[in-house]
Amino acid sequence: MEYKNTLLMPKTEFPMRGNLPKREPAMQEKWAEMNIYETVQEHTKGRPLFVLHDGPPYANGDIHMGHALNKVLKDFIVRYKSMTGFCAPYVPGWDTHGLPIEQALTNKGVKRKEMTVAEFRKLCAEYAYEQVERQREQFKRLGVRADWDNPYITLEPAYEAQQIKVFGDMAKKGYIYKGQKPVYWSPTSESALAEAEIEYQDKKSASIYVAFSVKDGKNVLEGDEKYIIWTTTPWTLPANLGISVHPELEYAIVKVNDEKYIIASELFETVAKTLEWENAEVVKTVKGSELEYTVAKHPFYDRDSLVMLGDHVTTDAGTGCVHTAPGHGEDDFIVGKKYGLEVLCPVDDKGVLTEEAPGFEGLFYDKANKPITEKLEEVGALLKLTFITHSYPHDWRTKKPIIFRATAQWFASIEAFRKELLEAVAETKWVPAWGETRLHNMVRDRGDWCISRQRAWGVPIPVFYAENGDPIITDETINHVADLFREHGSNVWFEREAKDLLPEGFTHPGSPNGEFRKETDIMDVWFDSGSSHQAVLEERDDLQRPADLYLEGSDQYRGWFNSSLSTAVAVTGKAPYKGVLSHGFVLDGEGRKMSKSIGNIVVPKKIMDQLGGDILRLWVSSVDYQSDVRISDDILKQVAEVYRKIRNTFRFLLGNLDDFKPSENTVAVAELREVDRYMLVKLNDLITKVKEAYETYDFAAVYHAIHNFCTIDLSSFYLDFAKDILYIEGANHEDRRAIQTVLYDVLVALTKLVTPILPHTADEVWPYIPGVTEESVQLTDMPEAVQLDDAEALKTKWDAFMTLRDDVLKALEVARNEKVIGKSLNASITLYPTAEMKAMLESINEDLKQLFIVSEYKLGGMMEEAPADAPKYEHTAVVVAQATGETCERCWVVSETIGKDAEHETLCERCATVVKENYVK
């Protein structure tokens, strides 16, 4: 007889190799056929809502690792929530207006100047939709479950109409105004920028010290002194109209040879060293407040420079006398306004100096630095020129430096509701907790929000102007424009004359002739996405405002988290979110930012094509995403290894449940052996731990808990010794069915627990599980931890056994290395444990040689009675010897009972019995 045919070896069709790049698209087709998103929504209908609101990625180009990290994290949460008693809709969105799309078309050769604005905008819309389609397919490939057929897209008419309503609401409350103010201006984009659109990079700049001669000392100064200012922007000097000093600072009049200079007293030593003064002496000191209204002369123009008081003056750098150009700085503007100075801004949209800067007109601002410095030298006003490298604001899109420039812009003032904004921040749950401080400080310190842009591709600012120049924003005009946009899209603004955009028969006292103009500026894209709480959460029946969670990269504190909060509090008085979670950026394996120049860009598509979406998702779960995270081939290799371990565990469990029918073969918990119940306790601990980790968005804890359970609790212990029972005993042996009962519970629970992270794999495993009826594991709930009555006692006893077992394994390893035995089944072990461990071993009813995977087990005396040469460990001394007897052909145990049964000469007594009872007719 072929004894190998009497072994119940694992049997399953579930493939060993994942082959995810091929298998996942097939699984996604199956999901599409069963309308998985709608099916899950239907299945969870009537449950409490959990709304994670998608911050819209910008529709331009392929998705990058930051997108993948973001969307996968969101998917973990939404999938988990739908398996724990919630209805968790997920509506993806796209941000589709703005400069990058205009630039992309220009780069493709679109001749913008040869077409109308409306025609150009149509091309922008087409391009944006193409990008949405491209990204949608890539997000789907990641396995993200979403309402892909009904996303929100910021260029869609219904969305734009709601955005107009938000603007109108804010205007009605007095939060929207037009004013001339210095704003961040990008000469390369030819548009104003919001704070969220700037990034800081190092830039080399001229650092100059300039003397301004006193013209009128107002009886405080004698008139022969000179104020010294310091600046790193010489190009702004043609716009200088004043000098600011701090009212509380003490200023020194310093005599250097025949000159007298005015600087802040506490900066005397620093300035003296920088300007290489020798024999400098302070001849007089005055308080800053006394210098108010003294007048200096502009160094190269025939005009005055008024000395004013400003709290913005510091002694961190410079001289304590600050060059003030109201057209080129926020503080300068505020101080200048207070003193009635004009707002002079001799720089045009392209960053070129105008005729208001005589002698330098036609020069690009950065190119004007040199001739202006030369002019200062020529008139004897330049005291020092050096070059410094400092952090300077740049346009986040063009990566070129920006300037402060006063222009007429539309602003949203947050002053009137700053207190409510700060209260809303305090009421929100922030993860990580430092997010609260970060946004609080931003809101506390931020100025008015410049919401206008001088571009073509965006939502128009819905303002009309009367003949006398009065801006017109009324409920009537706002509602009418919103209706027009809802019906025709915002392009109608560029296709029709102002009068055709106004309500029928509209009149205004400022337009006696019935003539009107329309605003040509568009809204900042942050106003677009920042209106999504109104356009999406409030408008869609399947969602609600406030959302439970906003989850984006940490750059969104100044972006979407901020703009959404501002518009929501302005319109509703409340935050649009209950909770905010932020993640870091994706770096390469060495912790460097990814860039084309370094050539270290990792692309999601490549990972999915080579390894699969579930490997990328498993990587996301493995990292501490709240900080910056790393990815590389080596890191992915480690993750793929963990995936292999998890997959092999599933395969082993399925293979050993091939003949198990849950309805017939399940053993009641009370009838299970202790070691089996101990495994259930470990499983329940895992369920509790994993669910708690999901609840707190700690996905790395989920990853480690599942990996450890598969490798330590299952592979290294339970599954290892169980093979001797599963393969060797008869199919219906009580111990075998007991183990299968445990394996079944483990398999079902484990499949559900990994579903949010590995949905493709979980749904691949699911139909192989005996007795399941649901079409997809996604239509089930997370497993519940079942508390066994004797759980604590089991844990205490069997945890102790596991520590003792570790000692035994060490001893077997030593014996193997010393060639005492070949494999552990060749061994006979005698233990000399501590008193505590001896009592524990004596209380175990299970076959201990099976648990230790040896052929013979003996309990000697106490530890102190062990032979002198016996290796001693923490809990026991262990004597390892070669087991006596022969090796059974069927179970490989070394036994002295081989051949006792004459019919089965090569089998041990146990195997002979099993064969006779189950296989001999």
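Positions of Cβ are set from backbone N, Cα and C atoms, glycine also.
Counting residues 6+ beyond its ends, the motif ''HIGH' region' (57-67) has Cβ neighbours under 8 Å at 94-96, 98, 100-101, 104, 128, 131-132, 134-135, 138-139, 153, 553, 585-586, 594, 601-605, 631 in the same chain. If you look up Swiss-Prot, you'll see 57-67 marked as motif ''HIGH' region'.
Taken from Swiss-Prot, the feature L-isoleucyl-5'-AMP binding site applies to Glu552, supported by sequence analysis. Cβ neighbour count for Glu552 (L-isoleucyl-5'-AMP binding site) (all protein chains, 10 Å cutoff from its Cβ): 22.
Along the motif ''KMSKS' region' (593-597), the predicted structure has mean pLDDT 75. Under the heading motif ''KMSKS' region', Swiss-Prot lists 593-597.
According to Swiss-Prot, the feature ATP binding site maps to Lys596, an assignment based on sequence analysis. Around Lys596 (ATP binding site), no same-chain residue six or more apart in sequence has its CB under 8 Å from its CB. Following the DSSP three-state reduction, the secondary structure of Lys596 (ATP binding site) is coil.
Feature annotation from Swiss-Prot assigns Zn(2+) binding site to Cys888, Cys891, Cys908, Cys911. DSSP assigns Cys911 (Zn(2+) binding site) to a helix. Sequence-distant neighbours of Cys911 (Zn(2+) binding site) (same chain, six or more apart, CB under 8 Å from its CB) are Tyr3, Ile728, Cys888, Arg890, Cys891, His904, listed in sequence order.
Beyond its flanks by at least six residues, the motif ''KMSKS' region' (593-597) meets 64-65, 585-587 of its own chain at Cβ-Cβ distances under 8 Å. Of all the binding-site residues listed (Cys888, Cys891, Cys908), Cys908 sits in the most crowded Cβ setting, with the most other Cβ atoms within 10 Å. Spacing of Glu552 (L-isoleucyl-5'-AMP binding site) relative to Cys908 (Zn(2+) binding site) is 64 Å (Cα to Cα, whole number). Within 8 Å of the Cβ centroid of the Zn(2+) site, not counting the listed residues Cys888, Cys891, Cys908, Cys911, the chain contributes Ile728, Glu889, Arg890, Trp892, Val893, Ser895, Ile898, Leu907, Glu909, Arg910, Ala912.
Secondary structure at Glu552 (L-isoleucyl-5'-AMP binding site), taken from DSSP and collapsed to helix, strand or coil, is strand. For the motif ''HIGH' region' (57-67), the number of residues in each DSSP class (helix H, G, I; strand E, B; coil) is 3 helix, 1 strand, 7 coil.
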